[in-house]
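One structure, as structure tokens, below. Some questions next.
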Amino acid sequence: MKIVTYNVNGLRPRIQQYGSLRKLLDSLDADIICLQETKLSKHDLRADLVRAEGYESFFSCTRTNDRGRSGGYSGVATFCRVKSAFLSNEVALPISAEEGFTGLLATSKGYEPRKEEFPSIAKGLECFSRDELLKVDSEGRCLITDHGHFVLFNIYGPRAVQDDSERIQFKLTFFKMLERRWECLLHQGRRIIIVGDLNIAPAAIDRCDAEPDFEKNGFRRWFRSLLVQNGGRLLDVFRAKHPDRKGAYTCWSQSTGAEEFNFGSRIDHILGAGSCLHGEENQEGHDFVTCHVAECDILMQFQRWKPGNTPRWKGGRSIKLEGSDHVPVYTSLVEIPEVLQHSTPSLSTRYHPQVCGSQQTLVSMFARRQTTEQVISEESESPQTPSHEEFFSTPEKYDSRASHIRMLGSQSNANIPACIEAKKKARHGQGSQLTLNSFFQKRIHRSETSSSSFAGSKLCQTEISYSLIEPKGVPSADDESGASKDCRSNAIDNYQNESQLDACDTDKQKRKVALQQWQRIQQLMQNSVPLCKGHQEPCVSRVVKKAGPNLGRRFYVCARAEGPSSNPEANCGYFKWAAVSKSKGKGK
């Protein structure tokens, strides 16, 4: 049996990258696939995003409304490759599934409502208040699946920067609760496997630029305290198989191109604990990891940066790299016997209302019905415009259609021709920047714009009335002579041709002017961009996005990819604040 953990950094882009969810899952070639950072909300759970033939899936999504963490934030998913979802003996198909780890989520045992009015708190977490438990479990960071021989935790650990005390406390509480849940299961004699992006690099060997006091961090000390070598009960499966491997990283910064020099960290883990299935728990050297884990490694073929890619300072910055900023980690289990016959738990997405076809909310019901009714009303109410041959095939048909034409001409703005509608949209959108040229020009007065638009609308209506009512070869209502009719028809054709030529010349001139302006701007930017001291190459500009006194301020850094300081080809560390314009300085 093969288990894979993978932080996909958004499930939608990964599906788009591979073409379909099934192709993404098949590329990992595993029996159980645990994904983190899916960035899907409950309303996004559509069949094409959560269901794939041959797999049972389980999702946990964000439930909080906190600023910056609502909707498509975090989220985990577990996919199980099975031959049958019903009456199966396969270990990959879970016997039960739980969303979150506190026991309080309403859907922890499935999408059907619970029988009890107040869900019970999971064993081991009774010392925490319900509010504390619900807050920790509201960000969609954990899925638990029970596979009979072991309990699998799919976890996406919180990230907390050094000066964010609120998130640091949230992260401490999150892992403290999880540890209680693990201890309770191990005390009951259960075997546990913990996989996911924990956002913790436990030791200096797991980080590219580890400083001397790197391992003194509180979260790293907590992680190492869980391990067997430090008196805990968990085994770091990767380090158990590769204790001295350096440069074994699973995550790299996208913004700095750190993959190019393998300047990353190992924060995606697989941990295991419990007795082996041989029934020899008390004998030394017999445990679940030692007896049943054949191998564990990092799937580097999923890395965005590939050998042979163009370096950033040679034009590679403009090349978009597909993939996540993480790579998968896998483990292979051996000698895992089948379990008793069972069916997929009710938490499976096959029972989700949006996936199985039933409506979940009144809002979605009315939205879909409105769309359908709009299509039907447009098809029934819009007049069917006949073809030229059908319209003017005989004088009798022409006479019968004359009143119809006049009726069309007197209709409301709902059937205004496309050219008039386009001018209306352009008039309404005056506040937006349409072209680069318009950015540097003074705004035209609204009255001038409306008068010119009115003149254009009248001309457009005249052209349409001539082309529709008096086509070539049909007598006019005033019994006009053929010669005068031909003259007017030729005049209209000549005018239209001249207008098209003028429009083409105007477009060419606009493109030429825009190109010249872009070239001038680029030249100004190149002249103002400093050169880094390490390589004497143009820097790249960035903007401070972190809240604080420098929020929004621009600065320049070396354009090369981040890497070890000992490598002269890597980023030299150059930094310079961009000059503040005098006008901005006066405003402040």
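Glycine residues also receive a Cβ, built from the backbone N, Cα and C atoms like all the rest.
Annotation comment: TrEMBL describes ASN7, GLU37, ASP197, ASN199, ASP325, HIS326 as Mg(2+) binding site. Look at TrEMBL and you will find TYR156 tagged as active site. The feature active site, proton donor/acceptor is assigned by TrEMBL to ASP197. For ASN199, the entry in TrEMBL reads site 'Transition state stabilizer'. According to TrEMBL, the feature site 'Important for catalytic activity' maps to ASP268. The site 'Interaction with DNA substrate' annotation in TrEMBL covers HIS326. The active site, proton acceptor feature in TrEMBL is assigned to HIS326. Among the features that TrEMBL reports, domain 'GRF-type' is placed at 532-581.
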Only counting partners 6 or more residues apart, tell me which same-chain residues put their Cβ under 8 Å from the Cβ of ASP197 (Mg(2+) binding site).
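The list for ASP197 (Mg(2+) binding site) reads THR5, ASN7, GLN36, GLU37, ILE155, TYR156, GLY157, CYS251, ILE267, ASP268, HIS326, given in order along the sequence.
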With a 10 Å radius around each C-beta, find which of these binding-site residues (ASN7, ASN199) has the fewest other C-beta atoms nearby.
ASN199
Sorted by position, what residues of the same chain at least six away from ASP325 (Mg(2+) binding site) have a C-beta under 8 A from it?
ASN7, ASN9, CYS251, TRP252, SER253, GLN254, ARG304
Could you give the mean pLDDT over the domain 'GRF-type' (532-581), rounded to a whole number?
84
